[in-house]
Structure formats: structure tokens, C-alpha cells
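Worksheet: one structure, shown below.
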Amino acid sequence: MRANDITPSVATGNTFVVSDALVKLGYSHGGFLCDITPRTSLPERPIIAPATTVQFATKSNTTFQPSPTSTAPLPGAHFADLIAPGHAVVITQEKYTSNALVGGIVAARMRHLDAPVVVVDGRVRDVPELKLPVYARGTSTVGAGAGSKVVGVGGKVVVGGEVEAEEGVRVCQGDWVFGDRQGVVVFPKGLLEKVVGLVRGVVEADQRVLEDVLSGSELAEAFREHRR
């Protein structure tokens, strides 16, 4: 199933609904990438795309090992050239630092590769120059080269690893990224069909609950009737 096929199925929902579906499936954190918020303007409709993952490490960390399924850029190469066309770009680092991981020039290359969105578990800079949907933890004036290095592209990464002292959300190459103005959710490609099916049911159930409450029903009663 392609992104264009999924969009009509979930367009009536949002990240809240997708997270509710993932919670029903027992998926970690409901797929929510905590504290990663929009840094640029976003389209009206949800953004849905498969992920290309990028793992950074701090320059001082000489022992960090990226996922064995990832590919390290060759000397002189740039990770932005390794992004699969049309993929969302999910970037993380083993430690949250003061420098940015993405800036305007890197974003320009991503735009040329039709990246629909960039998700950064870290900081970005040159915000007015990014010119595509970007979610990030924060901003910086300092470039990536000051303190970070890319150690792998296309492997498993963990986003938000220190959230509540838990592991965070695992993201693999090809997993689905779903973003809107409320936030961004990621889930495994193997859960796609189940998520699409549950989203429809969650939207319909919530609408029935709201209708009952607006008609004077008690909330507990409406939940018992429609949320199971």
C-alpha cells in the first residue's frame, strides 16, 4: 500500500486517532514522538510517508555503534544524498546537543528528493530557509559539523530515548510517518493494514460518543456504549 492509497483511509482522522489505534495494538507510546513539534508551516491534510532513517552521534563519542542494518556514508559523501526519494526523513542522535542536525542547505537537497517531511530528534537551524514541513525538538544557531557526525543511514533508530526513562519509539527504514499540526506519530510498516482499519472505527466511535454527550448523556454511559 502506498502513501497515496493510505491518505483517503485516514484523512478523517488525525495523529490523536492514529495513536489511539496504536495503543489498542499495544504499540510503544502510541507511536508518538514526544516533544518533537512543528517548526515550519504544515499543510492542511496529514503528511503520510515511509521513513528513511538517519543516525547521528556526537563527535566525542568514538564507541557508538549504529544499527547493523544501516549504511555509513562513504568518506566525502553526504547523508542527504542517500535519502530515498519521496521518503520522510527521520533523524536522531544518541545525545541531545546544542548544535543543529539540519539546516537550510541540507533541507534544499531533501526538497529536491521530494521529502514530504523531516523529523528531527534534535535541533534545526535556518528555519526560514527550510521551506518544507519540519518537526524538531528545538532550534540552534550552530551547524551540525560543530559537534555531530552521521554514523548510519537506513537502519533502526530510537527517537525520544530518555522520555520517562524508557527506550522511546523505534523507527526502521520504511516505517510509516504520520504527521499533522498536533504532532507526529510513527508505526511499523507491518501494522499498516491494522491501523487503517482501526482508525475508521475510532473516528466513528468518537463521533457517536460526542453526539450522545451533546444530547445530554453522561460521558461514562456514552463511553460504555460506543468505546469497546
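Every residue gets a Cβ built from N, Cα and C, even glycine.
No curator has checked TrEMBL annotations; they are predicted automatically.
According to TrEMBL, the protein has these features:
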BINDING   GLY103, GLY104, ILE105, VAL106, ARG125  substrate binding site
BINDING   ASP126  Mg(2+) binding site
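For the pair the residue listed as 'Mg(2+) binding site' and GLY104 (substrate binding site), the Cα-Cα distance reads 5 Å. Apart from GLY103, GLY104, ILE105, VAL106, ARG125, the substrate site neighbourhood in this chain, defined by C-beta within 8 angstroms of the site C-beta centre, holds ALA100, VAL102, ALA107, ALA108, VAL124, ASP126, GLU129, LEU130, GLY143. Taking each of the binding-site residues GLY103, GLY104 in turn and counting other Cβ atoms within 10 Å of its Cβ gives the largest count for GLY103.
Residues within less than 8 Å, Cβ to Cβ, of VAL106 (substrate binding site) and separated from it by at least 6 positions along the same chain comprise HIS78, ALA80, ALA144. Fewest other C-beta atoms within 10 Å: among the binding-site residues ILE105, ARG125, ASP126, that description fits ILE105.
Spread of the substrate binding residues is 10 Å (greatest Cα-Cα distance among GLY103, GLY104, ILE105, VAL106, ARG125).
Under DSSP, the residue listed as 'Mg(2+) binding site' is assigned to coil, being neither helix nor strand in the three-state scheme.
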